[in-house]
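Here the structure comes first, spelled out in structure tokens, and everything after it is commentary.
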Amino acid sequence: MVLRDQQGHAAAAKKPPLWHVLSGAQVFCVTVIISAISPTLATLGVRPPVMSDYLTLEDAIGRTPLVRLQRLPGAELAARGNVLLAKLEGNNPAGSVKDRPAINMIRRAEQRGDIRPGDTLIEATSGNTGIALAMAAAIKGYRMILIMPEDLSIERAQTMKAYGAELILTPKSGGMELARDLAEQMQRDGKGRVLDQFANPDNPAVHYDTTGPELWADTHGRITHFVSAMGTTGTITGVSRFLKEKNPAVRIVGAQPSEGSRIPGIRKWPEAYLPKIYDPSGVDELVYVTQSDAEDMARRLAAEEGLFAGISAAGACWVALQLAQRLENATIAFIVCDRGDRYLSTGVFPA
């Protein structure tokens with residue numbers, strides 16, 4: 001039977017693919033010949049990829065987005081010419097601004113010869129630094145012991161354990177002060193080395209080297225005010241030093257909890273426990289935020305801006321909005337130090 005096309009012409013017989021008529025040996029020979037004459041990456045002048053062409057998880061820390069709030073400022077603040085910018089530190093690999101000092105404290109200690117992979121590291125933490133250090137220890141090959149008060153959110157404890165860290169919980173009545181004391185005692189007993197985020201200059205140094213320059217570059221040097229929650233004070237100390245070197249007129253504002261308020265990540269330290277890295281000369285103003293205002297702002301950020309932020313970050317946002325109500329033509333940046341999913345068990349967000 002002869003196949004014909006729609007015009008009645010005889011259709012040419014369809015040839016089978018070449019590999020259907022060649023034997024296995026012939027296919028092998030053809031493959032070898034094609035491979036031999038095909039241009040290689042080298043002949044095209046293209047260097048074959050090497051391991052260093054790709055980022056590691058450590059390389060992915062930092063360079064976080066700086067985004068403009070669109071709805072919370074409202075028409076009144078927009079009419080004043082104010083811009084509110086949120087730096088999304090929750091975009092770091094372990095989910096917080098603490099990724100920066102965690103990896104830097106370990107990296108610098110290694111460079112000085114103070115520690116080496118396989119050693120045991122100890123740290124007192126309220127959560128985010130512990131998570132970041134647990135990740136960094138996993139990357140670098142260290143045993144990590146973390147000490148934290150028992151009343152902090154379950155998500156934080158579970159995350160630390162997921163990274164392989166060992167966790168010691170202290171009575172909530174002792175707060176972070178007791179956790180810090182225990183860490184120092186364990187170091188004296190020879191059980192490991194304390195990195196000590198509260199006194200370690202490598203903490204603020206990383207914000208001077210990275211966070212500050214990112215804020216300056218992303219605002220094209222237009223930043224007029226910087227707001228940060230104050231816990232270990234590493235972020236505000238390092239960023240302040242950089243920004244004020246660039247422009248002494250930049251105002252640095254710290255968010256502190258009002259009397260009786262408990263806001264995770266924000267502390268008013270007793271004099272004996274004030275972080276040694278803190279430089280009060282670099283902070284122009286302290287603004288006090290209540291726990292209820294911070295929690296309400298966390299809910300509003302999620303519902304009105306689509307920004308799922310932690311409670312201390314919301315406290316910093318609340319302070320930034322207070323500033324915007326009395327300023328004109330200001331560019332106000334604040335740190336969103338972590339994400340809201342670390343606080344779901346606290347009841348702050350709708351169930």
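For all residues, glycine too, the Cβ spot is worked out from N, Cα and C.
Automatic, uncurated: that is what TrEMBL annotation is.
According to TrEMBL, the domain 'Tryptophan synthase beta chain-like PALP' annotation covers 58-338.
Taken from TrEMBL, the feature N6-(pyridoxal phosphate)lysine applies to Lys98. Mapped onto three states, the DSSP output places Lys98 (N6-(pyridoxal phosphate)lysine) in coil. For Lys98 (N6-(pyridoxal phosphate)lysine), the count of additional Cβ atoms within 10 Å of its Cβ stands at 31 [all protein chains shown].
Within the same chain, residues at least 6 positions away in sequence whose Cβ sits under 8 Å from that of Gly234 (pyridoxal 5'-phosphate binding site) are Pro101, Gln197, Asn203, Pro204, Val206, His207, Pro275, Ile277. Sequence annotations record features per position, and here TrEMBL assigns pyridoxal 5'-phosphate binding site to Asn128, Gly231, Thr232, Thr233, Gly234, Thr235, Ser312.
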For this session: Note down the number of other Cβ atoms within 10 Å of the Cβ of Thr235 (pyridoxal 5'-phosphate binding site), including every protein chain shown.
Result: 29
Exercise. Hey, what's the Cβ neighbour count for Asn128 (pyridoxal 5'-phosphate binding site) at 10 Å?
Worked result: 29
Exercise. For Thr233 (pyridoxal 5'-phosphate binding site), which residues of its chain lie six or more apart in sequence with Cβ-Cβ distance below 8 Å?
Worked result: Pro204, Gly254, Pro275, Ile277, Tyr278
For this session: Based on Cβ atoms within 10 Å, give me the single least packed residue among the binding-site residues Thr232, Ser312.
Result: Thr232
For this session: Work out how many Å separate Ser312 (pyridoxal 5'-phosphate binding site) and Lys98 (N6-(pyridoxal phosphate)lysine) at their Cα atoms, rounded off.
Result: 13
